[in-house]
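> In case it helps, Swiss-Prot gives these features for our protein:
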TRANSMEM  19-39  transmembrane segment
BINDING   65, 119, 146, 220, 224, 253, 255  NADP(+) binding site
ACT_SITE  220  active site, proton donor
ACT_SITE  224  active site, lowers pKa of active site Tyr
């Protein structure tokens with residue numbers, strides 16, 4: 001063997017060894033991080049005790065602001081935050097509903113309430129001024145951005161009515177951002193006055209529709225995906241001020257928006273869903289791969305974690321499944337509407 005051949009063989013051997021070690025390192029790293037993620041998922045969901053809301057000022061005269069508070073998930077947020085000892089500002093469209101809920105909360109939980117009638121479909125500066133006027137003199141520590149709207153039924157983007165498109169973007173995005181702009185400085189001021197002995201909390205409702213690009217719900221899906229990026233960015237900005245920010249991702253919940261009435265293991269009622277949110281506030285649960293995000297209900301968490309760690313949320317496979325499912329839902333909804341119209345005609 002010539003000297004050149006000998007040197008070449010040694011060089012090739014070293015390169016091969018380096019490649020083998022590199023592959024082994026990546027493999028060990030992947031296995032380790034996956035194992036830690038699984039462990040963190042299980043600990044968040046099933047081991048750690050419920051979060052004590054005293055860290056957010058519960059039973060200390062502090063206030064929570066809840067949007068979309070007259071029905072479903074928003075109403076349940078109001079009740080459960082009050083049960084933990086927070087006074088509550090209720091924001092929704094129908095004043096009569098808000099007043100009834102406020103009376104029930106004050107009677108049952110012995111806390112104070114404020115109500116603000118607010119039509120989220122109208123992007124009106126006077127409405128935001130009304131909110132700011134109410135909360136500016138209150139020691140607010142918690143904001144729940146719950147108000148939202150989806151499509152009446154799954155619909156192709158090119159057939160989406162202009163009003164529905166505008167309402168979805170206005171309610172899910174513009175209103176959420178502008179209410180947060182009004183309330184977050186009040187939360188920061190409250191935390192600062194307490195010398196950070198209490199923390200602030202901003203929860204914004206996300207959706208599997210934003211996690212997974214969803215054909216036939218394209219506008220809604222995009223609006224919720226926007227909230228993912230916005231909420232994570234906001235979390236980075238407000239963390240130094242002692243405010244926790246989280247996007248709350250859910251699959252289906254029984255509500256007027258989902259049009260589902262019967263709960264199941266994978267479709268909780270609002271009470272069980274909100275309990276999971278508040279008990280795990282600040283933890284990632286099923287959203288182990290995402291900063292400042294939580295998927296708190298246990299079956300939703302397992303679904304989210306499974307999708308992220310197998311096919312991926314942006315995969316063609318996931319998109320195709322979503323396409324088929326929502327196309328089928330649309331067909332059934334149109335047939336149901338046709339039968340209803342035929343009955344009226346008869």
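Including glycine, each Cβ sits where the backbone N, Cα and C put it.
Describe the structural context of each listed feature in the structure shown, including burial, neighbouring residues and relevant distances.
DSSP assigns residue 65 (NADP(+) binding site) to a strand segment in the three-state reduction. Proximity of residue 65 (NADP(+) binding site) to non-local residues of its own chain (separation of 6 or more, Cβ distance below 8 Å) is seen for 88, 89, 91, 131, 135, 140, 142, 143, 144, 179, 183, given in sequence order.
Residue 220 (NADP(+) binding site) falls within a helical segment according to DSSP.
Every protein chain considered, the tally of other Cβ atoms within 10 Å of the Cβ of residue 224 (NADP(+) binding site) stands at 27.
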> So how many other Cβ atoms are close to residue 253 (NADP(+) binding site), meaning within 10 Å of its Cβ?
23
> Return the maximum Cα to Cα distance in Å (whole number) over the record's NADP(+)-binding residues: 65, 119, 146, 220, 224, 253, 255.
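This binding site's residues have a maximal Cα-Cα distance of 24 Å.
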> Using the structure shown, find which entry in 146, 220, 255 (the binding-site residues) has the sparsest Cβ neighbourhood within 10 Å.
255
